[in-house]
Each structure stands twice: as structure tokens, then as C-alpha cells.
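Colleague: My questions will all concern the structure given below.
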Amino acid sequence: MEKEMRVRFAPSPTGPFHIGGARSALFNWLLAKRMGGKFVLRIEDTDRKRSTPESEENIKAALKWLGITWDEGADVGGPYGPYHQMERLDIYKKYTDQLLKEGKAYYCYCTPEELEEERQALLKDCKMPRYMGKCRHLTEEQKAQYEKEGRKPSIRLKVPENETIVVHDMVRGDVEFDSNGIGDFVIVKSDGIPTYNYAVVIDDYLMHITHVIRAEEHLSNTPRQLLVYEALGFEKPVFAHISLILGTDHTKMSKRHGATSVDAYRQQGYLPEGIDNFLALLGWAPQGEEEIFSMEEACKVFSMDRVAKNPAVFDIKKLNWINSQHIRKLTPDAFFELAKPFMVKAGYMTGDETGEKLDWLKRVVATAQTQVDYGAQVPEKVALYFTDDFDFENEEAVSVLKEETVPLVMKALIEGFHSLDELNHDSVKGVFKAVQKGNKLKGQQVYMPFRVALTGNQHGPELAEMIPLLGADRVEKRIMKSLEKAHVSL
Ligand code: GLU
């Protein structure tokens with residue numbers, strides 16, 4: 001029987017949850033869903049100075065928001081826990097004792113100053129800086145002497161010399177590393193806490209992880225991890241390192257290219273389905289041309305053989321377009337809910353509205369659904385419904401109002417709207433048509449000046465949509481004010 005696929009996402013809770021981390025989590029999740037496997041969430045909290053509970057909470061909340069759920073791990077438990085590395089120190093210790101006993105690891109008493117000295121000396125000789133094994137063969141007396149001096153040892157793994165270490169990578173093929181460039185590296189720090197490259201191996205092994213899928217940044221760590229697998233005699237998982245994320249200028253993605261944390265996008269009113277869709281395309285491509293899909297659709301077709309080797313480019317324009325497509329798919333109520341916090345922040349509503357006022361707000365907000373890429377853009381798109389003060393966009397707009405036929409058109413339209421029992425899309429259109437036909441005018445001569453007088457702009461939302469929302473009185477007020485400003489008398 002085929003072994004069940006087990007993947008993991010193993011964030012370090014040391015700061016904001018980045019888009020890159022979310023992409024790694026998503027690829028693992030999609031693969032697990034596709035293969036009917038398990039997705040494990042392990043918290044790598046061994047960096048005591050930088051790890052915080054807030055960051056962990058933030059990561060978990062962001063994963064949930066994105067719909068990336070875990071079958072085992074932090075909070076939910078599972079058969080191979082605990083799932084926080086700081087709760088696994090006893091487990092690591094057992095293996096460390098074994099490595100020490102077998103002579104595969106040793107105590108190192110070098111101080112940070114001594115290590116730095118060695119580093120500088122190697123650099124000066126144009127050699128790769130690495131630990132040269134000073135403490136590899138200490139006698140019991142030397143050790144005792146160091147202990148007496150109060151030095152606290154770290155523990156290093158013995159790295160074989162002159163060996164080629166090959167990472168078999170699902171995405172990148174075989175990648176070779178020279179063991180001489182590595183040097184005996186620390187597996188347990190002097191405070192007794194294991195290093196990432198050590199703990200990750202023990203955890204992945206004990207948690208029965210079959211596929212380690214992570215960002216390319218970790219590729220250079222993998223040979224070290226392979227050495228730990230060898231030393232402990234563990235069976236190795238399959239590795240896949242997914243490409244770097246670059247900005248549109250092809251330098252490493254950073255704040256200059258747009259927000260890098262998932263939270264920032266959430267706060268701007270992006271949709272999880274938009275972010276997921278965009279992240280899935282950062283390094284993976286489904287067969288065919290379709291670029292808009294849901295998580296359910298993606299996990300039916302996701303496969304590692306369509307994951308690209310070359311860097312993925314984070315293009316905010318593309319994200320915006322993808323998100324706008326998902327926004328268009330929302331029900332009007334869901335879109336209203338997305339827009340609400342931004343409308344409240346803009347002072348356009350309190351959030352406690354009911355009855356007619358609420359209905360009106362919903363209709364107003366609905367006009368923005370096809371115009372925005374994300375929620376925070378809604379207020380600017382509906383601002384015209386909340387204030388009757390506006391300026392003409394430019395001189396050209398003013399000149400539109402100077403046409404000879406303008407007074408006649410304005411008067412006829414205002415009267416027409418006042419005479420209607422109900423202002424709606426069709427009845428308003430009817431008035432425009434009647435005024436145009438009745439005076440033998442071109443559409444341009446009717447719609448354009450009215451639009452400018454009503455909004456100050458030559459372009460904007462459909463008039464037949466706006467006018468019913470403003471009502472005949474407000475329409476008249478706005479028109480009269482504009483004409484006065486442009487020195488046009490009726
Ligand atoms: N804690 C590591 C990180 O957040 C995990 C890397 C890995 O997936 O092995 O980068």
C-alpha cells in the first residue's frame with residue numbers, strides 16, 4: 001500500500017505572516033487535498049528572542065482566513081505531538097545524547113569571540129568561513145578545564161570531509177553541495193535549545209512527513225539537514241523547494257513592491273479567495289488558460305510537476321485584477337459586508353443603520369462592486385452620493401456646459417425627473433430618451449453636460465444608476481449649483 005502523503009507547514013512565529021509563507025502553506029495544503037493526505041501545522045518557536053504568542057496567533061488567524069486548515073498540529077493536536085518545538089526539548093535531547101554517545105557529535109566550548117576570530121582569519125585567506133573543528137578532539141582534561149572556566153558548550157555535528165551531498169529536489173532536480181563548505185555546525189546551542197536545521201529533521205521524521213515543500217531560501221539548509229538524517233539513520237522525505245518571489249523589477253520581493261504581510265491585504269479588504277488564487281499562481285500554473293479559480297477547483301488539479309523552477313513575480317496589478325474578479329462574484333450582501341468597515345471609517349455610515357437608510361446604503365455600495373479591486377476602494381467610488389460639493393475636473397468639463405443647447409436640456413431633464421412617480425433605471429432612461437428625441441439632439445449633447453453638471457466629471461458611473469439614488473431634489477440642487485459656478489443661466 002502507498003504511504004499516506006503527509007506534508008507540513010512549519011512557521012517561526014517571529015513577526016508578521018508574509019505572503020511567501022502563505023504561498024508555501026497553500027502549496028502544501030493544495031497538494032495534501034489533492035492527494036488525500038494530511039497537512040500538519042508545526043510551530044518552530046525556538047528563537048526565544050523573536051518568537052511571540054501574538055505572532056503565532058496572527059499566523060493561525062491568517063491561515064484560517066485563507067481557508068488553509070490543518071489536520072494535525074498546534075491547537076488541534078494529533079498523534080505525533082506536541083506541535084510546538086519548545087515543548088519537544090526532551091525529544092531532541094534523547095537524539096542528541098545518542099549522537100554524542102556514538103561520537104557523531106561533540107561539545108564545542110568556543111566563545112563567540114573566538115569563532116569570530118576564526119571567521120575573520122579564513123576570510124582574510126579568501127577561504128569559505130566555517131568552523132574548522134577546533135573542539136572536535138578535546139581531551140577530558142581540556143573539557144574539564146573549559147567547564148571550570150564557566151564556559152557553556154554548544155553541540156556540533158561532525159561533518160564528513162570531501163563529500164558531495166546531493167539534494168534530490170522535486171522542482172529543481174539534483175542539486176549538489178560540497179561538504180567542505182559546511183563545517184561542523186551547531187545542532188544544540190549553549191542554552192540547550194536545538195537549532196533549526198537539527199530540530200526540523202527530528203520533527204519531520206517523527207511526524208512522518210513524506211514531502212517537505214518550502215521556499216527556495218531553505219535550499220542551502222537542506223544539505224545540513226541531510227547530514228542530520230544520515231547521522232540519525234532516518235529515512236529521508238522528498239524535498240521540493242519552490243521558487244523565490246521577486247518584485248516586478250526582478251529583485252527579491254520586499255516592502256518596496258507592496259505590502260508583504262497577509263494582514264495588510266486583509267485590512268485593505270482583499271478577499272481570501274483572491275489572495276489564494278493569486279498565491280497559487282506564484283510558481284504554479286494550471287493546465288489551460290483560465291486564471292480565475294477557487295480553492296476547491298485548484299485542489300482538484302494541483303500537482304508539483306506544474307510548479308515552475310524560475311522565480312515567481314509578485315505583480316500587484318495582477319493581484320488586483322484577480323481580486324476584482326472574485327469581488328464581482330460576491331453576492332450583493334457579501335460585497336456590502338466587505339465594504340462596511342471602510343464605509344464606516346470614511347464616515348459614510350455608522351454600521352447601525354436600518355430600514356430605508358440601510359436599503360439606500362446597500363444600493364449605493366452595490367454600484368461600486370464592478371469598479372473596485374479591493375474593499376478599501378469603495379468609499380472613493382461612492383463619495384459622490386455623500387456630498388453635493390464637488391469641483392469640475394478641468395476646463396474641458398466646464399466648456400461642455402457652455403454649449404448653446406445646455407439650458408434647454410437641463411431644464412427639460414430636471415422637469416422630467418420631477419414628473420416621474422418613481423425614479424428607477426428605466427424611467428430615468430426614458431426621460432433622457434424623450435428629451436433627446438423631442439429636441440432632435442445627439443446623445444452626447446444630452447448625457448455629457450448633464451453628467452458634468454451632476455458630478456463635475458466627464459466620466460463616471462451610469463447616470464441611470466446614479467440619479468435614482470440621488471433623488472430628483474438633490475439632482476436639481478447639484479445641477480443648479482454647477483450651472484451657477486460655470487456662469488450658465490437657465
Ligand atoms: N521555521 C522555518 C521557517 O519559518 C521552516 C522552514 C521549513 O519549512 O523547513 O522558515
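Cβ from N, Cα, C; glycine included.
All annotation found in TrEMBL is predicted automatically rather than curated by experts.
Quantities reported herein were computed from a predicted structural model and do not represent experimental measurements.
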Colleague: According to TrEMBL, motif ''KMSKS' region' applies to one of these ranges: 222-226, 252-256, 387-391. Which one is it?
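Modeller: The range carrying the motif ''KMSKS' region' annotation in TrEMBL is 252-256.
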Colleague: Write down the single range among 11-21, 77-87, 286-296, 352-362 that appears in TrEMBL as motif ''HIGH' region'.
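Modeller: Feature motif ''HIGH' region' in TrEMBL: residues 11-21.
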Colleague: Do any residues of this chain, six or more beyond the ends of the motif ''HIGH' region' (11-21), have a C-beta under 8 angstroms from a C-beta of it, and if so which?
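Modeller: Long-range Cβ neighbours of the motif ''HIGH' region' (11-21): 41, 43-47, 50-53, 55-56, 58-59, 62-63, 196, 215, 245, 253, 260-265, 279, 314.
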Colleague: Give the number of CB atoms, excluding that of K255 (ATP binding site) itself, located within 10 Å of its CB.
Modeller: 10
Colleague: I'd like to know which of these binding-site residues, C108, C135, is least surrounded, judged by other CB atoms within 10 A.
Modeller: C135
Colleague: What whole-number Å value do you get for the CA-CA distance of C108 (Zn(2+) binding site) and K255 (ATP binding site)?
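Modeller: About 39 Å separate the Cα atoms of these two residues.
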Colleague: Which one is it, among the binding-site residues C110, C135, H137, that lies nearest to K255 (ATP binding site) by Cα separation?
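Modeller: Result for K255 (ATP binding site): the nearest of the binding-site residues is C110.
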